[in-house]
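Student: Quick one: the structure is below, questions incoming.
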Amino acid sequence: MFFTMTTPHTIAIDGPAASGKSTLGKLLADHFGYIYFDTGVLYRALTYVALEQAVDLADAAALAKLAQTSNFEVLPPTIADGRQYTVLANGEDITWPLRAANVERNVSQVAAQSAVREALRDIQRQIGKAGHVVMAGRDIGAVILPDAQLKIYLDASVEERAQRRAQELNARGRSISYREVLDDLTRRDAKDAANTFLAADAITITTDGRSPEEVFQAILGLIGVEAQA
């Protein structure tokens with residue numbers, strides 16, 4: 001793959017849960033002065049609202065209608081409490097509740113509904129069309145932003161991802177074991193497989209044993225080398 005510019009205007013990052021997409025996305029967005037948008041928060045937000053309103057998570061039509069009638073906003077951080085962004089659902093700040101155990105357990109089921117994905121894709125594409133954005137998800141490079149100038153696919157073993165996620169959750173005050181997280185990620189991988197796509201022109205990076213900074217520097221190096229080729 002060769003780029004015609006050193007700085008891509010649109011960056012797509014895909015990969016399985018806890019592979020480092022959010023961390024890398026934020027680093028790249030900060031470096032280039034771009035917006036960072038994690039599309040997973042939309043599915044989490046919809047899952048949260050559906051659970052709050054006791055909507056049947058197996059009812060694709062009801063979920064799609066809820067997605068269309070709800071007002072979801074992803075904003076820059078409004079509170080300095082470690083968040084990377086603020087998520088509002090119908091005006092309510094739900095940023096941290098999105099990481100609750102019940103949302104974690106059910107988001108893959110919600111995201112697997114094709115009607116739901118279609119209902120939320122327009123929001124994602126509109127954000128991407130504006131440019132100067134780093135967007136992370138499962139199908140960004142292949143489906144949402146197929147014309148993105150830089151496409152990255154992050155991968156890591158489920159064991160590595162479980163270790164990272166367990167450390168992250170425990171650091172936030174949620175007591176959870178590595179085994180619990182490993183089992184949850186294994187289930188999520190199975191559910192997410194049908195909606196996780198590797199774009200043909202994506203750069204694949206395996207992040208096992210590599211720090212976020214090492215992955216970030218590797219991406220910058222690849223951009224520089226290919227831009228000059």
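Every residue gets a Cβ built from N, Cα and C, even glycine.
Owing to the predicted nature of the structure, the values given are computational and were not obtained by experimental measurement.
According to Swiss-Prot, the protein has these features:
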type    : residues                                    : note
BINDING : G15, P16, A17, A18, S19, G20, K21, S22, T23 : ATP binding site
Student: Using the recorded ATP site (G15, P16, A17, A18, S19, G20, K21, S22, T23) as reference, state which further residues of the same chain have their Cβ within 8 Å of the centre of those residues' Cβ atoms, listed in sequence order.
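Tutor: Going along the sequence, the neighbours come out as L24, A136, L154, A156, R161, T207.
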Student: If you count Cβ atoms within 10 Å of the Cβ of G15 (ATP binding site), leaving out that atom itself, what do you get?
Tutor: 25
Student: Cβ distance under 8 Å to A17 (ATP binding site), same chain, sequence separation 6 or more: which residues?
Tutor: R161, R165, L185, R188, D189, D192
Student: If you run the three-state DSSP split on T23 (ATP binding site), which class comes out?
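Tutor: Reduced to three states, the DSSP call for T23 (ATP binding site) is helix.
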Student: Could you tally the C-beta atoms, other than its own, that fall within 10 angstroms of the C-beta of T23 (ATP binding site)?
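Tutor: For T23 (ATP binding site), the count of other Cβ atoms within 10 Å is 20.
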Student: Check each residue in the chain of S19 (ATP binding site) that is at least six apart in sequence and keep those whose C-beta is under 8 Å from its C-beta; list them in sequence order.
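Tutor: Correct list: L154, D155, A156, R161, T207.
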Student: Name the residues of the same chain, 6+ apart in sequence, whose Cβ is under 8 Å from the Cβ of K21 (ATP binding site)?
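Tutor: Correct list: I13, D14, G15, D38, A136, G137, L154.
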